[in-house]
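See structure below.
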């Protein structure tokens, strides 16, 4: 029986894998859709135009599109790219619930969330969210909330690769509701 090394920070519950962990990435997109919700987890390039087309509606006076891309640094450390993995069946259902709740809360017309799985080089899209609503304020609020809840709740993790080959697995988030993760939160996370 193989024994797992203890977490580097005993006060932090850890579901991280050892540095040799290679996640299983689906080879095809996983999609869950209805007439007004489109959810996609995919190893392929994201298609913002297709999501915008999906949410378009004659009853919507506003369409908001958010495209998240891999940036080239984190905490002043150069980043060479990201890799995303997920517990796909659960993440798909979590995203669907987020979308369902947002449609009802903000009285939106349609919503689409697409998240990249696998390698995501600097400058490439990692998440696309499109929302339509009768009025712009509802669409803006819904889009922001969809992003924050996706980062907070969806079972998606990322490997942040730094220049020089070092990397760290982390939850797919910046910090509390849009704030940058501080260096203190990085302590104790396994480095590759």
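Using the three backbone atoms N, Cα and C, a Cβ is placed for every residue, glycine included.
The substrate binding site annotation in TrEMBL covers 135, 136, 151, 158, 159, 160. Residues annotated as compositional bias 'Polar residues' in TrEMBL: 10-24. TrEMBL lists 1-24, 170-192 with the feature region 'Disordered'.
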If the substrate binders are 135, 136, 151, 158, 159, 160 per the record, what's the largest distance between their Cα atoms, in Å?
37
I'd like to know which of the binding-site residues 135, 136, 151, 158 has the most other Cβ atoms within 10 Å of its Cβ.
158
Take the Cβ of residue 159 (substrate binding site) and count every other Cβ within 10 Å, whichever protein chain it belongs to.
20
Give the sequence-ordered list of residues that share a chain with residue 160 (substrate binding site), lie 6 or more positions from it, and have CB atoms under 8 Å from its CB.
74, 79, 82, 167, 168, 169, 170
Under DSSP, is residue 136 (substrate binding site) helix, strand or coil?
helix
